[in-house]
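Asks: Handing you this structure, nothing more for now.
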Amino acid sequence: MAWALLLLTLLTQGTGSWAQSALTQPPSASGSPGQSVTISCTGTSSDVGGYNYVSWYQQHPGKAPKLMIYEVSKRPSGVPDRFSGSKSGNTASLTVSGLQAEDEADYYCSSYAGSNNF
């Protein structure tokens, strides 16, 4: 039986001007154990497309978010290489290969947005 990787959209909050912009993620993605799933995160040339500072977070219910990918494609120590990040134009992607049951979670993207805005 397939199980879902639930996705939410993370807003980028402007810390200087208090401007706010949204990075667009699909509402959900799903796959069966062993398969691969790719999650997209679409922004603009002012955020995702303009900088190589896209991060991805995984959050299980009741737990704090965990950094999975930073600077588009870098993995922190301890994150399995089943998780990989990439970017093309204004869209960043997170691919989870060899899906495992523990991968079922919420996944958030974030991007630097310029002018001291995140």
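From the backbone N, Cα and C atoms, a Cβ is placed for every residue, glycine too.
Got these off Swiss-Prot a minute ago, pasting:
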type: COMPBIAS; residues: 85-97; note: compositional bias 'Polar residues'
type: DISULFID; residues: Cys41-Cys109; note: disulfide bond
type: REGION; residues: 20-44; note: region 'Framework-1'
type: REGION; residues: 54-70; note: region 'Framework-2'
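How buried are the listed features, and what sits near them?
Replies: Each residue in the compositional bias 'Polar residues' (85-97) gets a DSSP state, and the totals come to 0 helix, 10 strand, 3 coil.
Its Cβ taken as reference, Cys109 (disulfide bond) is surrounded by 27 other Cβ atoms within 10 Å in the chains shown.
Tertiary proximity for the region 'Framework-2' (54-70) is limited to same-chain residues at least six positions away from its ends with a CB under 8 Å from its CB atoms, namely 10, 41, 48, 76, 79, 83-85, 87, 92, 94, 103, 105-112.
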Asks: Return the count of C-beta atoms lying within 10 angstroms of the C-beta of Cys41 (disulfide bond), excluding that atom itself.
Replies: 28
